[in-house]
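Colleague: I'd like to ask you about the structure that follows.
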Amino acid sequence: MPPLPLITAQTEEKLLAFLTEHGHTKFRTQQVLDWVWRKRVTTFDAMSNLPPALKNLLAENFRFHTPEIVEIHGSADTTRKFLTKMEDGSLVESVIIPAAAAENGEKSERVTLCVSSQVGCAFGCKFCASGLLGLKRHLTTGEIIGQILSAEAIAGKRVNNIVFMGMGEPLSNFDNLADALEIITSHRGLEIGARHITISTSGFVPGLKKLAAYPRQIRLAVSLHGATDEVRDQIMPVNKKWPLSQLIPALEEWNRGRNQMPTLEYILIRDINDSPKDASHLVRIAKRLHAKVNLIPYNTVEGLPWKRPSEERCRSFRDAVHKARIPVTMRYEKGHDINAACGQLRLRKEQEKSGKTSR
């Protein structure tokens, strides 16, 4: 017999439909959600203002569960990575990132959590550890939400900024992602504003078209990493199915009617995509999309051949983009000393389990 559905995976619409079918009012739905999300109870018995019959109904049809964090890795810059085990034993990663101090020295209250959307990844970007073991499965809505709840419990603080930049391609798990977004943004859920949520895609065009029709103003980051088909074909297999000639129009469609700038994520890899010519191609795309650029010097993955460019080369690339009046930042990945780049911690753990740790 399959386990009962998670109460934390129910959108307000779905829970309302269930309770209405069983003769309960919208008010009762609101009460239940208040207990789940405002008071953070973990049993139905704790919902003291509900009638016993309703508590029994909930207990017979739903359950509470948060995934287990099996490893926590701290970092000198206070970033922490969590390795989280799902009920079937699958491992995923999340990273909690406190904001840096503001320029005026005041403490920022932003707490960002990077979450995963799949166990592994099918897209096989050549520089990324997540795809080395392939795709195992999609995460459920409850497992996506569970990462947030587990991280908050360990950190002792509420997350107020979420980036879907962990393991997996979020837009290929769109239905579960959409339900998770409803719970995250809902006034009767986690209540995190849509503009404090970023979805990253490697260029999965069918999912981008669905996201374009999605009503909430979720931010978008595109893992571009190459500004020509020649470069993207070399390091991102997704480009062979959805090349730039399809990706860029899909991004324009997403941006139509929105007052938002997409972010072009661009990992700088030595002798692959870090030349002045590459910078010129990137500028051309950024101007067409009215996008900002986030440059990330490559975070070395054991067993892969790619190298990080020199700091001088990285700065030169950034300056070329900046001179073209494109908003650009250079992000050195926090947590470089804790395997914090996408997929590295899970890869190491799986290799240890199979006795195939790379040397």
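Backbone N, Cα and C define each Cβ position, glycine as well.
Below are the features listed in Swiss-Prot for this protein:
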- Glu93: active site, proton acceptor (ACT_SITE)
- Cys342: active site, S-methylcysteine intermediate (ACT_SITE)
- Cys121, Cys125, Cys128: [4Fe-4S] cluster binding site (BINDING)
- Gly168, Glu169, Ser200, Ser223, Leu224, His225, Asn299: S-adenosyl-L-methionine binding site (BINDING)
- Cys114-Cys342: disulfide bond (DISULFID)
- 107-337: domain 'Radical SAM core' (DOMAIN)
Colleague: On a count of neighbouring CB atoms within 10 A, which of the recorded positions Cys114, Cys125 is highest?
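Modeller: That would be Cys114, with the highest Cβ count within 10 Å.
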Colleague: For Leu224 (S-adenosyl-L-methionine binding site), identify the closest of the binding-site residues Cys121, Cys125, Cys128, judging by Cα separation.
Modeller: Cys125
Colleague: State the three-class DSSP label for His225 (S-adenosyl-L-methionine binding site), counting H, G and I as helix, E and B as strand, and everything else as coil.
Modeller: coil
Colleague: Would you mind reading off the Cα separation of Cys121 ([4Fe-4S] cluster binding site) from Gly168 (S-adenosyl-L-methionine binding site), to the nearest angstrom?
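Modeller: Rounded to a whole number, the Cα-Cα distance is 4 Å.
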Colleague: Highest Cβ count within 10 Å among the binding-site residues Cys121, Cys128, Leu224: which residue is it?
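Modeller: Result of the Cβ crowding comparison: Leu224.
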Colleague: Determine, to the nearest whole angstrom, how far the Cα atom of Ser200 (S-adenosyl-L-methionine binding site) is from the Cα atom of Cys114 (disulfide bond).
Modeller: 10
Colleague: Which ones are near Glu93 (active site, proton acceptor): of the binding-site residues Glu169, His225, Asn299, which have a Cα within 10 Å?
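Modeller: Neighbours among binding-site residues: none.
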Colleague: Please name which of the recorded positions listed here, Cys114, Cys125, Cys128, is nearest in space to Asn299 (S-adenosyl-L-methionine binding site), Cα against Cα.
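Modeller: Nearest by Cα distance to Asn299 (S-adenosyl-L-methionine binding site): Cys128.
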Colleague: Looking only at Cβ atoms, how many others are within 10 Å of the one on His225 (S-adenosyl-L-methionine binding site)?
Modeller: 27
Colleague: Counting every protein chain present, what is the number of Cβ atoms, excluding its own, within 10 Å of the Cβ of Asn299 (S-adenosyl-L-methionine binding site)?
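Modeller: For Asn299 (S-adenosyl-L-methionine binding site), the count of other Cβ atoms within 10 Å is 20.
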Colleague: Provide, as an integer number of angstrom, the distance between the C-alpha atoms of His225 (S-adenosyl-L-methionine binding site) and Cys125 ([4Fe-4S] cluster binding site).
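Modeller: That separation, Cα to Cα, works out to 10 Å.
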Colleague: For the S-adenosyl-L-methionine site as recorded (Gly168, Glu169, Ser200, Ser223, Leu224, His225, Asn299), determine the largest distance between any two Cα atoms, in Å, rounded to the nearest integer.
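Modeller: Max span of the S-adenosyl-L-methionine binding residues, Cα based, is 19 Å.
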Colleague: Counting across all protein chains shown, how many other Cβ atoms sit within 10 Å of the Cβ of Ser223 (S-adenosyl-L-methionine binding site)?
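Modeller: Cβ-Cβ neighbours of Ser223 (S-adenosyl-L-methionine binding site) within 10 Å number 23.
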Colleague: For the domain 'Radical SAM core' (107-337), provide the mean pLDDT of the predicted model.
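Modeller: Taking every residue in the domain 'Radical SAM core' (107-337) and averaging pLDDT yields 94.
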